[in-house]
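What Swiss-Prot says about this one:
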- G74, T77: Na(+) binding site (BINDING)
- 4-24: transmembrane segment (TRANSMEM)
- 33-53: transmembrane segment (TRANSMEM)
- 67-87: transmembrane segment (TRANSMEM)
- 97-117: transmembrane segment (TRANSMEM)
Amino acid sequence: MYYPLLSIALGSVLGAWLRWLLGLKLNPIYPQIPLGTVTVNLAGGFIIGFAMAYFAHSDLSPNYKLFVITGFCGALTTFSTFSIEIVTLLQSGKWGMAMLAISIHLIGSLIFTCLGLATYYWVAGN
């Protein structure tokens, strides 16, 4: 029971540190589109795709998968999880469900971001 928890925790620490570092270094370059965020989202998508394929053909302990996918990619970006879910739907020929999931994630995220901002300003009295 402890090895899975430690695997996730260690991966999470490393993913979060990398996200923070890339944000610090890359976001100031072109603030209109935070390059650190774009970089971690694209890298996370690549890493999770590669890792899912690799672990599907590997005899490694499941703890390595927890370290890379759940821990590292989960802390680096949640976009990587979203990406693999959409690609899995597309590979299964579920184009309609993939488009629906994309719409829900994208529109839902924007709506909840706006709701979060509005809630803050409402609570703060601004």
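Numbers here mean position along the shown chain, with the first residue as 1.
Placed from the backbone N, Cα and C atoms, the Cβ positions cover glycine too.
Within its own chain, the transmembrane segment (4-24) is flanked in space by residues 34, 36-37, 39-40, 62-64, 66-68, 70-77, which lie at least six positions past its ends and keep a Cβ under 8 Å from the stretch.
Only residues 6 or more beyond the boundaries of the transmembrane segment (67-87), in the same chain, are considered here, and those with a CB under 8 A from a CB of the stretch are 7-16, 18-19, 40-41, 43-45, 47-49, 51-52, 55, 98, 101-102, 105.
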